[in-house]
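A.B. asks: Pulled the feature table from Swiss-Prot, pasting it below:
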BINDING   ARG129, ARG169, GLY175, GLY176, LYS208, ILE210, GLU215, GLY241, VAL242, HIS243, GLN284, GLU298  ATP 1 binding site
BINDING   GLN284, GLU298  Mn(2+) 1 binding site
BINDING   GLN820, GLU832  Mn(2+) 3 binding site
BINDING   GLN820, GLU832  Mg(2+) 3 binding site
DOMAIN    133-327  domain 'ATP-grasp 1'
DOMAIN    671-861  domain 'ATP-grasp 2'
DOMAIN    930-1072  domain 'MGS-like'
REGION    930-1072  region 'Allosteric domain'
Amino acid sequence: MPKRLDINTILVIGSGPIVIGQAAEFDYSGTQACQSLKEEGYKVILVNSNPATIMTDTATADKVYIEPLTLEFVSRIIRKERPDAILPTLGGQTGLNMAVELAKSGVLEECGVEILGTKLSAIEQAEDRDLFRTLMQELNEPTPPSEIIHNLDEAYGFVKEIGYPVIVRPAFTLGGTGGGICHNEEELIEIVTSGLKHSPVTQCLLEKSIAGCKEIEYEVMRDSNDNAIVVCNMENIDPVGVHTGDSIVVAPSQTLSDREYQMLRNTSLRIIRALGIEGGCNVQLALDPYSFQYYVIEVNPRVSRSSALASKATGYPIAKLAAKIAVGLTLDEIVNPVTQKTYACFEPALDYVVSKIPRWPFDKFESANRTLGTQMKATGEVMSIGRNLEESLLKAVRSLELGIYHLELDHLKELDKETMKKRIIKADDERLFIVAEAIRQGVTKEEINEWCEMDFFFLQKVENIVNMEREVKANVGNMEVLQTAKEMGFSDHYIAAAWNKTEREIYDMRKENNMTPVFKMVDTCAAEFESATPYYYSTYADENESIVTDRKSVVVLGSGPIRIGQGVEFDYATVHSVWAIKEAGYEAIIINNNPETVSTDFSISDKLYFEPLTIEDVMHIIDLEKPEGVIVQFGGQTAINLAAKLEEHGVKILGTSLEDLDRAEDRDKFEAALTKLGIPQPVGKTATTVEQAVAIAEEIGYPVLVRPSYVLGGRAMEIVYRQEELLHYMKNAVKVHADHPVLIDRYMVGKEIEVDAISDGENVFIPGIMEHIERAGVHSGDSIGVYPPQSLSEKLKEQIIEHTIALGKGLNIVGLLNIQFVVFEDQVYVIEVNPRASRTVPFLSKITGVPMANVATKVILGQDLVEQGYGTGYHPEEKEVYVKAPVFSFAKLRSVDTTLGPEMKSTGEVMGKDLTLEKALYKGLVASGINIPTHGSVIITVADKDKEEAMEIAKRFHEIGYNLLATAGTAQSLTEQNIPVQVVNKIDSEDYNLLDIIRQGKAQFVINTLTKGKQPARDGFRIRRESVENGVACLTSLDTTRAILRVLESMTFSAHSMKEITQTKRHEVVHA
């Protein structure tokens, strides 16, 4: 059927900020969809609240709205733009829930707007646990014994009948939010209560646990003519019981017999047909390893995280084709963009193995509960491709950027068998490493299978790796063994350690013996047809398929997996850099390993290499391509960290030189440069021993800010108030020695300012200055940022501009730089300079219209700022106010403290823009998920050092009609100031206490600041966690609280009696 001509304008709903469970994969799918619809001649309007994405670039759609994804704002856009249809299935769970809400509110009917792709009835049938179960019964498809519950009593009834363990799955939620596995009554109460709170329809499905079955996924597509195909099937190495987003996944499935494969394939196609989905859909199934019994777990009637993985694993662009199907085209009419010969109705075939390993944030959150279950915890993932599973797995392991080059972790070597057994049974982020360690220590595959039901096939593959390790160690210098190890994916790093050589020596040894990998193409058809895609992976085989052209090329290093501190912002910069390289006439080559992102879409660059970002893997590509040089500025710390090793290999680093990069990162050199330029910075020194650290802190005076050098996202950074805290930090947070010094600075309590600039060595252009609402000490990525600055005097602004220009020139920056300043006692100090793209580049690029990554890339390639129409100076400020607000995923990570500090904790960001700061803040806060009611109760429990400051805040809450609740200490201070307050019991009280108020939803805000000294902090910690678990806004910074107050005050009309007004006026009578 040809495309529909009765619709012209389509509104695409984006997925909002990056949170655990919904990451960069929707930037990729949304971008593809918008481009796909524009290709077909439709007018595309996009609404999304996330400024860090390619999707929200003005070029992606005809009109882009960066507004909160709430009923209020999306309805307003629909009424204004009057689209003919909306396409919600590419915006993840957020997009689906929005479509349901819009339909129920009547706005779609009122404006005559149709839902494309997946009809509302299909969304509800797939997402509503009750309707889904009924449909499966009609189709005769087995689901685990289950019951829909709406309260705890119903849950008790089901468990009585079926017994433990049971799985709780809340309806209409994302990444298993609020769900889990219950083994006893205590867990049942906790998880069901949480699940009902998180489900927008207060409904959970309780099902008998089928943990231990194989978990299989099918990615399927269907069109309006009922053509349906399987794009890819995937198998989780972890059996059912671990969320698929937290599972290690391989594609295609490795352990299914043909009968099992066809049986599950037929089921998946039957389900997508019954739901009537037009587009992409993900079906999750459980298969009993010992019989042909299977169960349907769930269906996602939309493009998902798995579809992004399937797209990159096969080369088949699911989101692009789903958008075309949504407007009426059929699979047999759409040409496959990869082969450019076959049609989209051909099912892809793979002649390689793909592995996906999740990237968890536990390196950031030491206190987080690392156990994996049905609630997702990973922030991102890596993918790798190999000719065998061992190679594919080992490449994925070294892509994780945890400093791991092999399937082994030193700290696991001490584990005894009993501990290993416990951890393998329970499943955490290190399970595969523990399995390898257990095999090294002689535990049999049978025992391990008994503990965790991981398939023997996968255990055999791990055993193959362990056996190869023994071979390598026993045959030092043997070329045949080296060849076999390389074919299995062993890294030079591992072999060098085993053979007591340097990594460079192994590299040279291989080159002398012509032992280098070849590059194979990902072509969707296992080389059956000729293919046009330049999308490659490395392997040790015979024929090289990557043809080097005679064009001059430039390599851009991507930023690897999404994690806290290094998010989608860096992918945004990478993509813009690639486009600029192409505009400048060079061949653009990208190396990256993240399957979720736009940068790994093969249509972006001239050549895409899907490889780990390690020196060995990057050098293989450089040896083949011989580029003009490598750009490391846009890949975050990942790429910067490779610069020195690349230069040792004789590779040219384009842009800021290695020496100048080092000068910005090395503390002593940086201090010398600032002194020379006459730019003030907080007093600070470098310590290489614990004793030195104590002496420095004494000398400069507490509080001090301590951190290791060379970090991103403020890892292991802390504000320390006294010596015992400093000793605790030195012992637990860092391993200090001469190569890894610790920086100790005077901590200045002042306003933090952030600047992004572009320098060509002569000229320095400043697109924007941003002011942080939270004072210095809260990580810039967790602060609310405001542009243009609202409270900076012209004099201070001039100082900041002068310092930025001086730093750009003085540090010989060529490309981007990001500077953080603190304003203390009317003086500007430099806190740090990052000689690379920062996470604010997308935000400022969108606001100012200066395509920063593009301009910086052209500077790097030799076109100065003046030639590009910019010069030295500050870009004129915009009239509107823009707010960048952080978004956290605390609800997914139990036992993580929500207090803000110098260590970054947010996973994503949103933008609010309007004519006043209050309105922009309101939009930013609402978009970030904070509910802002205009009346209610506030609980105030603050540290002694904050009491004075909190009084003014409490008074303002009282004046706009809020009820104040406080524990005895804070209440006394309020009463002394004549501020009415209701005393509540502390949390250790047996009677009705503060936690009960939070649990019962009787408080709208909780203001709780951290008690220094870390121990009474346990009370504060419980208050903060209880707020998160119950969806109450918990404010740990008084600056953020003030910002919310500004919004509330702007929304509230004052109510004063006439007597109060006349009393105030009386003193103001002027006598003539």
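From the backbone N, Cα and C atoms, a Cβ is placed for every residue, glycine too.
Help me see these features in their spatial surroundings.
C.D. replies: Taking Cβ-Cβ distances under 8 Å and a sequence gap of 6 or more within the same chain, the neighbours of VAL242 (ATP 1 binding site) are GLU215, ASN236, LEU372, GLY373, THR374, ALA427.
In the three-state DSSP scheme, GLN284 (ATP 1 binding site) is classed as strand.
Sequence-distant neighbours of GLN820 (Mn(2+) 3 binding site) (same chain, 6+ apart, CB under 8 A from its CB) are GLU752, ILE753, GLU754, VAL755, SER780, VAL830, ILE831, GLU832, VAL833.
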A.B. asks: Would you report the average pLDDT that the model assigns to the domain 'ATP-grasp 1' (133-327)?
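C.D. replies: In the predicted model, the domain 'ATP-grasp 1' (133-327) has a mean pLDDT of 92.
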A.B. asks: Just to be sure I understand the packing, how many Cβ atoms besides its own are within 10 Å of the Cβ of GLN284 (ATP 1 binding site)?
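C.D. replies: There are 21 such Cβ atoms around GLN284 (ATP 1 binding site).
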A.B. asks: Taking the Cβ of GLU215 (ATP 1 binding site) as centre, how many other Cβ atoms lie within 10 Å?
C.D. replies: 24
A.B. asks: Among ARG129, LYS208, the binding-site residues in question, whose Cβ has the most other Cβ atoms within 10 Å in this structure?
C.D. replies: ARG129
A.B. asks: Which secondary structure state does DSSP assign to GLN820 (Mn(2+) 3 binding site), in the simple three-class scheme?
C.D. replies: strand
A.B. asks: For GLU298 (Mn(2+) 1 binding site), list the number of other Cβ atoms lying within 10 Å of its Cβ atom.
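C.D. replies: There are 17 such Cβ atoms around GLU298 (Mn(2+) 1 binding site).
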A.B. asks: By CA-CA distance, flag whichever of ARG129, LYS208, GLN284 among the binding-site residues is nearest to GLU298 (Mn(2+) 1 binding site).
C.D. replies: GLN284
